[in-house]
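Everything below concerns the one structure shown next.
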Amino acid sequence: MAENSILCSVSSLTLSIFILFCCLFGHCNSVEQLGGYDTFTISSFKYPETQIRPFDMHYIRVDLPPWFSSMSIALKSSVNLDIKSAKKVPKSVLPMICFRDGSLPLPDVSSTSLEVALSNRSFDGIQVLQNMEQCYPVPRNMTMKLTNEQISARVLYFGLFNGVGPTRTQSKMIVRNRAYSFTANISVEGCTTSTMQGQYCNQTIELLSCARSGNSSGNGSVSGFFNQSMVLCRNNFETSCHGDGEMKIYSLEILRITESLTISVQNLRLRPLDSIGNSSRIYLMCFARYGAMPLATLHDYSGDLNQSPLVIRFPKVGQWYISILALHLAKEIGGALSNVSKVCYSLEVQELECPLGKAGPNCSSERYMLQTVLRKYSTPFESYYLPDGGDVISDALNFHLEPLLSNYSVGGLDSWTYFLLDVPRGAAGGNLHVRLMSDRKMNYEIYARNGGLPSLINWDYYYVNKTSSSGDSVFFVLYNSSDEKVDFYILYVKEGIWNIALRHLNSTGDISDGQTTMSISLERCPKRCSYHGACKSALDTSGLTLYSFCACDRNHGGFDCSIEIVSHQGHIWQSIALIASNAAAVFPAFWALRQKAFAEWVVYTVSGISSGLYHACDVGTWCVLSFGVLQFMDFWLSFMAVVSTFIYLTTIDEVFKRAIHTAVAILTALMAITKATRSSNIILVMGIGAFGLLLGWLIEFSTNYRSLSCSMGLCLNRLERWFLFCTIMKYYA
C-alpha cells in the first residue's frame, strides 16, 4: 500500500513506470561508460550463467548509496518469449522477472503483478502503488540504465522466477517443466564529489548548514506546536540568485524522527535592485524529494514558496533534496522585460523535533524505542521487540499495552502511541509479525510506516478492523482477526527503522477496564508455513540478504502453504488410485510365469511392488525406506522391465542374453540414479531396448544364416513373445 499522501508521488512509482517503459517498449538506454565526467565505479558484478530450475527462484540485491549517479543492468537469458506468446503460457510455468524497491519481490501473493506484466503497451489506467513489485516476462535480452533522477538511493532487488502462483511451492513427485539460464552484468556509478550529482555528475548540489536553535514555543513555532526543539538549516550564502527557468538544488539530511519539515524563503527580491515590478506575482516553485533528485516533473512534494511555506508532515529519516525553480520573471514585471534578470532569496528549512520519548501533536504522545531480543537456537535475524523496562509477560515475550498508552487526547477523541523498531541490514527476507490480544473489544487502529512517523494521511500499512485494512496490498496478510484479536504479517519487510503507531479511540474513558497484550516479532515463514510444509532459508546471490520460503506438502501451496490445492477426500482417492494402479503388474508377471521366463517374472513382480511402495511414500501414507531409495528402485526396475521385454523377444542363447542384461542393468542404474524423472529417459530406455532387440536378432540371424525358413513352432513362439511385449508396454506406458 502506498503512503496515502495527496502531496507526494514516491520513488517506487518512478522505478515501476520506468522499468515498464524499458521492458515493454524496448527503448532503454544503452549501458555505456560515463567517460569524460567526474564519476567512478562504485560496484560492478558479473553473474555467470545460472540455471533457474522449474518452480525455482533467484534473487539479486543492488545497493545504491546516496552518491550514486546511475545503475546499469544487462541481462541475457535463454528465454524466447514476447508479449503475445507470454499471454498464452500458463503462469505456473511462465519465466518472470520482478523488481522491488527496498525488499524482495514475492509474485505468488497476488495476481496484480502478472496482470500488469501482461497488459497492453499503454500507460493509461495503470496505477502503481508503493510497496508493490513490478513483474514482467523474462526477456531474451534486456539492457537499461537507471539514474539518480529516476530512482532513490536505497536498495533495489530483482528476482527471477520459473513459474509463479500457488503451485510453485507445492511438493511434486515429478517435475518436467523446462529450466532456463541467465547471465547478468550490473554496475553502479557514483560521483567523486559530494556537491556534484546527477546522471553525469554535472549538477551542483548546495549542502544546507544546520544548527539546533533550542526549544520552539509560543507563537514562535511555525507549526503552532509547543515543547519542540528546532533545527534550522540555511544556505551557505546569504542569498541565492538565479534567472527565469533556472533551477538550484539543495540537500540536507534528517537524522532523527521529525514532526515536520518547513521550507520557506526570506528576503525575496528582484535584481537589478532598481527594477520596478510586483514580486508577489512571481512563481518560486519548490520541489522536494526523498532520496533522489527532484525535478519539475518528478517529485514528492511541491509548492509555491512565494505564496506560502511548504510544510512536510512527518518526513522520513534520511537524505532530502530540495530544488527551487523561478518562473515568469519577465512576464510579471509590468512589461519591463529587460529590467529584471534574476530573483534572489534566502532559503530557510526548519526541522521540528519532539523531546526524547515524545511524538505527535504538542509532543504529548508517548514514543518507545523497542529493544531487539534475539531468539535462542534460531536462524539469524529472528527476534522479538520489547519496550525497555516494560511490563513483559514471562515466557511469552509479549508486553502489556495499557501501561504504555498515551493519556493525551486531541478534542477528547483519540490518542496516539508510537513504537519504533529496527530491522537490521540483510533481514529484508524476514516477515514482521504484529499481534494484539485483549479480553474485551479493542478500540485500536494500527498504522505502520518505514522511515517516518505514520499518521492518518501517511502510512505504508494499516489496520482499522476486519473490513478496513491494507488487505489489497501484496505484502500485508491478515490472519484470524476478530474484535478481540489482531494478527497480521508484513511480508519481506524493508530494512531500517519502522514506526508502528496505535491510535486509541475514545481515550477519555478508563483504559484500565481491559487488558491488552502486544507482540512484535521478526520471523522466518508466516504461520510456520501453516503447518503444511517446511520453512527453508537461503541467501541471495550477493550473500548479503537471508530470506526464507515455504516448501509445502503435496496437498498445499502458496507462499505460506495455506492454499489447499488437493482436498483431503481427493487426496485419499488419488492415493488409492495411484497405489492400486500398480496391481496391473500382475498381468505381465503371470504371463512370464506361464512361459517359464523366471528372470522376467522376478523383474515384473518386484517392479510392481517397488512402484506401489514408492507412490505410497510419495503421497504420505507410509515409507518403508527412504524416499530416494524407493524412487531409485521404482525407476530402475521400470527401465529394466521395458528393456528385458525387448531382449526376451529374441531367441538367442542365454549366454548372450545374460551379457546384454548385465550391460543394460548398469546403464539403467546410472539413468535412475541421475535425473530419473527426466522425460528423455523414456526415449533412452526405448532406444536401449530396441538396440538390444536388434543386436539379438543380428546374432540370431548370423547363427542361422543358412536357414531362411521359419518353422511353425518358432513363428507361434514369436507371436506369443510379441503379445507379451504389447501387454507390458501398455502397463508401463
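Each residue, glycine too, has its Cβ placed from N, Cα and C.
Matching 310-327, 598-615, 616-633 against TrEMBL, the residues noted as transmembrane segment span 598-615. Beyond the ends of the transmembrane segment (682-699), by six or more residues, the same chain brings 639, 642-643, 645-647, 649-652, 656-657, 660, 664, 667-668, 671 to within a C-beta distance below 8 angstroms of the stretch.
When pLDDT is averaged over the domain 'EGF-like' (550-561), the result is 90.
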